[in-house]
Amino acid sequence: MLETLVETLAIVLDGSRLLYMLLGISIGLTIGLLPGLSGTVGMSILLPFVYGMDPYAGMALLIGMVAVVHTGDTFPSVLLGIPGSSGSQATIMDGYPLAKKGQAARALGAAFFSSMIGGVIGGVILFSIIPIVRPVILSLGSPELFMLALLGLSMVGILAGKSPFIGILAGLFGMMLGVIGSAPSVPEYRYTFDWLYLYDGIPLPLVALGLFAFPVLIDLLVGKKSISESSALSGKWFEGVKDTVKHRWLVLRSSILGAVAGFIPGLGGSVVDWLSYGTAKQTSKNNETFGEGDIRGVIAPESSNNAKEGGSLIPTLMFGIPGSGTTAILLGGLLLMGVEAGPRMVTEELSLTMSIIWTLVIANIIGAAACLILTRPISRFSLISPSKLVPFLTIILIVGAYQTSQHWGDLLLFVLLGIIGWIMVQLDWPRAPILIGFVLALAAERYLWISVSRFDWEWVYRPGVLIIAGIIILIFGSSYWISKIGALKGAKAKGGNV
Amino acid sequence: MEKSKKLIGVSLLSVMVLAACGEDSAQEAGAGDGEDFYDENDLEMIVPTSPGGGSDIQARFMAPFLSEHVPGSPDVQVVNIAGGGTITGSNEFALMREPDGESSLWGSISTTTAYLLDEEGVEYDYDNFTPVLGYPDGGVVYVSESTGIEGPEEILEAEEELVYGGTSATGLPLTILLSFEVLGLDVDGIFGYESSGPARVAFEQGETNVDFQTTSSYVSNVEPMVEDGDALPMYTIGQIDEDGELVRDPQFPDLPTVKEVYMDIYGEEPSGEAWEAYKAFVGAVFTVQKVLWVHDDIPEEALNELVEGAETMVEDEEYQQEGEEVMGYEPFVGQEIQEMMPRLLDLPEGTEDWVKQFLNENYDLEQ
């Protein structure tokens, strides 16, 4: 396998393929930069062009694009508090406060550097897991997948912060939004009000944009202040890099979490940033500064969202089951180039798989380097006065919302969800639980349904199920315990650490 | 600074690429001599699924060839209108597009099933469409080695309960369920899998032990299992020939059809309502599965040119060679498919009701 890996590097670095990769990277960065556009959009744009290309060049283009979307999407998350794609929402929690303090460059430096490391680790995991991938995937039956969905939902407790009750309510509200549309196992439609637009459910990008981007627009207009409260950009990106090195274990942990979450088909890939943020908050010392501009709150989600791409390619390439919209189109792209995903990807097509790993690693490095260079000029955005910025943003956001299904319903829902998001911001209610509930609702329902109709209730005693249940109880227990201790500590050292 | 300027340049370039892709990529100046209809007009191909699925890939593969072969070389633009299990895009084509020869619909199995079962939200009517080109699909039903079944003739003698997993009883699995009914096979149906990919993984996990995959997926994912002895093919879905008989799938000439398996077991030809329903659905959703539809009242010269283009396209050697993997089967074109479709879509009297009742009784579905 190692031999093939080395041989493939020469294929990947061949002139024209390298150019395709660079083109892919620049498109990926641009798509990440524009709020509302995700890797899925990038894929659909590039798909028509890969027909007739040789698979190595085509994959260089597609993977180069996907690899860096979650690098470029950090700019709007940090600078504007608007998610650049649905994978970088958690970055807002601490990245945006840092930008407000004038430390945008530091936050971006940390984000890009940890994205780079995360992406590379994702590639390494993809490589090292190849020999054991079948038994691992095959051990995850529907009952285990249901428990994993529950594990994801248990994050709601952590992300709810000071108000667990409201957090759980928000999570339930998210689940309600998630069940709109066709039911997973019977041909029935729920809460669609006979409106065909709702038959497929609410698109995820709309929920993300509405909850997180719309309130920012209003605040910018009302506040009439530029995002950075101090007029000078004091932080340097190199400081961020140093921060990342200082928290290297956090980077490693978050990257592994990201790759694993991406690897589990049909689950969590789109909320991996939140899972990682929640876990980081949960397991870090002095975590009371999270949410107020803690650099660790930037490093954790950014490491994991790039690592996720490596993980999510595993079920896609080796089983032909896409874990997300992006990988679904990637499968189509492969087919257009005459390659069918499946077990053969690690036997006859091994060198293609290796080239994908190389592309992932190289693209992550180039993409992060490009972003680091662009940090200074782009950081100035946070100094622009809102009256100049808002019209531009409004147009981008509306276009971004409208492209999700190109139906006027997109705009209506964007505004509706936006108003809900804005009210929640005013009341200081956590919004992340809505998103987690929304994403995991259908997965939880689907796998519970299948588990019960296949095994009645005997699935409860499966070892995998019991292990995951233990982890969930641990998380709940520790979050209760930590909040108790935190409250005690907080009372003692009031306002000590900022 | 020099470097960042360059990079900004690159990003600007990619923005331009993005912008260019949003519109018709190459607007040809309509400077033709006016002889061909498509000198002046372009063709939109509506795909009612999101990009990347099997039928979207076929449409995208076909588009440049169609553009080359239709007289007047129109731009052929693939437009994805996803939603409602292909209903949204099909409705949009039927209701919102003028019959001016500038739009077409690439319908798939879900489009036809929803139409035949008259599902909620269907507002299109095949009676108002004309087919230009159609492609069959097929597939194989296979069982796990754990069932102890050693050949199709033993399918009734499994050592363990047979469990089949699929998406939803009214989707693609419907025809498969009907085949179980024909054979008198007692199978526990588990539904809710996201698509046939995860259903296949459930088979590999042992969560189910009977599965069906369409031809391309069977060849790439199941044949390795068969070689390893983990899976055993039982029968193909088959095709309906001109006389309405079920015949072997040309992609799997060595595998029997349901009819042959039935005759092996029972010693007589299958008959009855389940058999009629099975044949009707095989014909309507497999024998011609993907269809390029246009409105039936488009200008006559437009239809003629499209048919002519499709006919020369399928003769194109490059198209045949490169399309082998994407398309799988031999297409039906023009006159041939225009005669076939009404026959295949005309369910026998009472079949629709029988199928609805069958679903209701066995799978608790109020249709």
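Just so it is clear, glycine is given a Cβ too, placed from its N, Cα and C backbone atoms.
Annotation source TrEMBL lists domain 'DUF112' at A:18-435.
Same-chain residues lying 6+ beyond the ends of the transmembrane segment (A:18-51) with a Cβ under 8 Å from its Cβ atoms: 12, 57-58, 60-76, 80, 82-88, 205, 209, 213, 324-326, 329-330, 332-333, 336-337, 359, 362-363, 366-367, 370-371, 393, 396-397, 399-401, 403-404. TrEMBL lists A:18-51 (among others) with the feature transmembrane segment.
The transmembrane segment feature in TrEMBL is assigned to A:57-83 (among others).
According to TrEMBL, the transmembrane segment annotation covers A:104-130 (among others). Tertiary proximity for the transmembrane segment (A:104-130) is limited to same-chain residues at least six positions away from its ends with a CB under 8 Å from its CB atoms, namely 1, 5, 67-68, 70-71, 74-75, 78-79, 91, 94-95, 98, 136, 228, 233, 235-241, 243-244, 251-252, 254-256, 258-259, 262-263, 295, 298-299, 302-311, 313-314, 318, 346, 353-354, 356-358, 360-361, 363-365, 367-369, 371-372, 375-376, 378-379, 382.
Feature annotation from TrEMBL assigns transmembrane segment to A:136-158 (among others).
Sequence annotations record features per position, and here TrEMBL assigns transmembrane segment to A:165-182 (among others). Listed by sequence, the residues of this chain that lie at least six past the ends of the transmembrane segment (A:165-182) yet keep a Cβ under 8 A from its Cβ atoms are 153, 156-157, 159, 188-192, 198-202, 207, 424, 429-431, 433-442, 444-445.
Positions annotated as transmembrane segment by TrEMBL: A:202-222 (among others).
Tertiary neighbourhood of the transmembrane segment (A:313-336): same-chain residues 38-40, 42-44, 46-47, 50-51, 55, 58-59, 62-63, 66, 126, 129-130, 133-134, 137, 262-267, 269-270, 342-343, 345-346, 353, 356, 360, selected by CB-CB distance under 8 Å and a gap of 6+ residues from either end. If you look up TrEMBL, you'll see A:313-336 (among others) marked as transmembrane segment.
According to TrEMBL, the feature transmembrane segment maps to A:356-374 (among others).
Under the heading transmembrane segment, TrEMBL lists A:381-402 (among others).
Positions annotated as transmembrane segment by TrEMBL: A:408-425 (among others).
Summarising the annotation, TrEMBL assigns transmembrane segment to A:432-449 (among others).
According to TrEMBL, the feature transmembrane segment maps to A:461-482 (among others).
If you count C-beta pairs under 8 angstroms between the transmembrane segment (A:136-158) and each of A:57-83, A:202-222, A:408-425, A:432-449, the highest count goes to A:432-449. By the count of Cβ pairs under 8 Å, the stretch nearest in packing to the transmembrane segment (A:432-449) among A:57-83, A:202-222, A:356-374, A:408-425 is A:202-222.
Counting C-beta pairs under 8 angstroms (sequence separation of 6 or more), the transmembrane segment (A:57-83) fails to reach the transmembrane segment (A:408-425), with fewer than 3 such pairs. For the domain 'DUF112' (A:18-435), the model's pLDDT averages out at 86. Long-range contacts of the transmembrane segment (A:461-482) within the same chain: residues 139-141, 143-144, 147-148, 150-151, 154-155, 157-158, 282, 287, each at least 6 residues beyond the stretch ends and with a Cβ under 8 Å from a Cβ of the stretch.
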